[in-house]
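K.L.:
Structure provided below as structure tokens; questions to follow.
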Amino acid sequence: MEQTQTAEGTDLLIGDEKTNDLPFVQLFLEEIGCTQYLDSFIQCNLVTEEEIKYLDKDILIALGVNKIGDRLKILRKSKSFQRDKRIEQVNRLKNLMEKVSSLSTATLSMNSELIPEKHCVIFILNDGSAKKVNVNGCFNADSIKKRLIRRLPHELLATNSNGEVTKMVQDYDVFVLDYTKNVLHLLYDVELVTICHANDRVEKNRLIFVSKDQTPSDKAISTSKKLYLRTLSALSQVGPSSSNLLAQNKGISHNNAEGKLRIDNTEKDRIRQIFNQRPPSEFISTNLAGYFPHTDMKRLQKTMRESFRHSARLSIAQRRPLSAESNNIGDILLKHSNAVDMALLQGLDQTRLSSKLDTTKIPKLAHKRPEDNDAISNQLELLSVESGEEEDHDFFGEDSDIVSLPTKIATPKNWLKGACIGSGSFGSVYLGMNAHTGELMAVKQVEIKNNNIGVPTDNNKQANSDENNEQEEQQEKIEDVGAVSHPKTNQNIHRKMVDALQHEMNLLKELHHENIVTYYGASQEGGNLNIFLEYVPGGSVSSMLNNYGPFEESLITNFTRQILIGVAYLHKKNIIHRDIKGANILIDIKGCVKITDFGISKKLSPLNKKQNKRASLQGSVFWMSPEVVKQTATTAKADIWSTGCVVIEMFTGKHPFPDFSQMQAIFKIGTNTTPEIPSWATSEGKNFLRKAFELDYQYRPSALELLQHPWLDAHII
């Protein structure tokens with residue numbers, strides 16, 4: 001039993017748990033001289049600060065506080081508790097903001113201490129030494145590794161299966177010691193690039209570089225720990241939270257002493273080459289060695305010279321301005337050269353210009369090599385007057401005014417293979433360059449295991465066209481999810497990939513439109529089947545969403561309009577894409593939409609339009625229309641539904657039905673459930689989506705009809 005002394009000197013006995021908080025209400029009423037109401041407060045159980053601070057006029061009248069003066073005193077005092085609470089919250093917020101500010105400042109100072117230069121990364125070698133490497137201008141993993149390999153001591157170079165020393169980048173790996181999981185993390189290529197170019201990743205000061213046949217040694221791990229402790233030491237200046245990190249590090253050090261660290265990402269080799277970015281053409285032109293790391297440098301230089309000359313010939317013969325959108329390396333370099341020359345000419349005095357300048361000569365494009373003589377120059381001397389090579393002949397001769405201009409882009413007879421920039425439905429996509437013209441390309445490639453598989457040529461085009469429907473029907477029978485499944489061997493799957501690639505080639509030959517990726521041709525070489533496609537600098541809708549988040553509605557309407565224009569063109573050609581989704585919509589750096597990946601597209605003919613056969617289940621599940629899921633019809637209206645799903649992607653940053661698995665999504669779509677329309681879309685945008693998601697495909701509008709929708713007219717930008 002607790003005893004409390006009151007102001008009058010009498011003892012107040014509190015004998016049960018219900019009245020444990022009486023001292024507060026009693027002191028509250030005593031302070032303002034209203035103790036006569038104490039019994040009323042106790043009877044209504046208004047005894048704590050939380051209950052008293054919410055008192056109002058009506059409650060006080062109900063408690064029997066009838067005097068206005070008493071009510072005012074009680075209310076004024078109770079409201080002061082709320083003010084005190086708000087002041088306390090504000091002070092706590094200020095303290096929190098000060099801590100965050102000090103954390104940011106300390107982190108910056110820490111980074112500047114550990115990584116003195118902005119573009120530098122510290123690599124730890126297996127002998128425990130460390131190398132600081134400037135990665136400025138290296139935008140893929142191969143170029144970063146290549147820059148370090150040139151500085152490796154001979155004893156740390158990798159050896160191949162024949163025991164020979166190798167400097168090939170694929171023979172080296174990069175690890176980072178993850179102290180939170182106590183594992184050695186084997187970095188994917190994209191992880192390495194991200195860490196090297198991020199300003200806030202402290203791992204960039206302790207990357208471990210080893211040959212592929214080795215794992216990080218104890219010396220390398222020890223050096224990594226020392227650098228990590230320096231990081232913790234810098235963090236310890238921020239606040240008490242760093243003490244936990246220090247304690248954690250001690251535990252890790254103890255655990256590491258007991259045994260070997262576990263290596264994470266052991267399955268890295270499966271996707272180590274995927275670097276899903278499409279940099280601008282001008283970016284590539286300034287870092288050719290980085291984007292074509294496996295290409296012989298002399299061959300690359302020869303291609304650059306020929307491309308530059310080719311562009312100069314056409315520019316003079318046609319008197320054409322150089323296109324700002326060209327993907328031709330020669331055009332880009334010539335444009336840069338002309339821009340510099342023009343700036344120099346404008347700075348000359350007009351009188352000196354007329355007397356000293358010979359306008360019949362074209363200035364040569366020459367770039368000096370960097371100070372580092374060991375570094376392979378990324379800027380090439382394209383026109384050298386002193387060069388005695390056979391291919392360096394002067395192209396301003398007797399026939400300089402007779403120029404043969406190509407009417408269309410021909411299939412490249414020789415091309416250079418660059419970095420992997422993505423993957424499609426079948427095979428990988430690489431950056432490529434026409435070795436003769438310097439034109440950049442995206443090359444879709446799949447390995448051919450069966451030598452009797454050939455690429456259709458113009459001579460057998462008609463035969464392939466006649467057999468196309470039969471092959472397509474057979475392919476659909478194999479791929480049909482709803483059909484009875486048979487065991488699939490690797491050979492059958494591989495054959496399907498090659499068939500799909502040939503099918504895509506047959507379709508792309510017929511397509512010539514601004515919003516469809518351009519087809520340059522195909523070839524079969526070195527056990528690979530290649531499709532040469534237009535290189536679209538920028539990226540896909542899905543990659544943009546991953547990088548930047550959902551789009552503004554005005555941008556969505558702009559992209560949707562272009563998608564529908566491309567879809568309308570396909571439908572006019574009786575072609576159904578069947579895989580319209582964000583990953584297959586490319587956006588170049590000028591905002592132009594390009595539809596790509598026709599691996600499962602279908603060309604309708606009058607014959608299969610009339611056939612009443614079960615449709616195949618083809619496409620990406622979350623973008624499928626009800627008639628495709630139910631396998632009731634194969635019509636162009638499926639692309640309209642998928643386009644609506646892409647609009648949902650752009651609004652939300654996620655695919656439709658993001659909370660469901662593929663099987664759950666199939667069930668939802670099959671039971672006539674439409675994707676949820678974003679509540680923040682405009683009324684016209686919602687109406688557009690409702691029309692695109694019309695369940696009955698016969699009433700669903702066509703692409704041309706949707707292009708006339710008011711939503712697309714209201715936001716023309």
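In case you wondered, yes, glycine gets a Cβ from its N, Cα and C as well.
Copied straight from Swiss-Prot:
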BINDING   Ile421, Gly422, Ser423, Gly424, Ser425, Phe426, Gly427, Ser428, Val429, Lys444  ATP binding site
COMPBIAS  452-466  compositional bias 'Polar residues'
REGION    452-481  region 'Disordered'
ACT_SITE  Asp579  active site, proton acceptor
K.L.:
In whole Å, how far is Val429 (ATP binding site) from the residue listed as 'active site, proton acceptor' when you measure between their Cα atoms?
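P.N.:
That separation, Cα to Cα, works out to 17 Å.
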K.L.:
Mind giving me a neighbour count for Ile421 (ATP binding site)? Other Cβ atoms within 10 Å of its Cβ, every protein chain shown.
P.N.:
24
K.L.:
Measure from the Cβ of Val429 (ATP binding site) and count the other Cβ atoms within 10 Å, all protein chains considered.
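P.N.:
22, counting other Cβ atoms within 10 Å of Val429 (ATP binding site).
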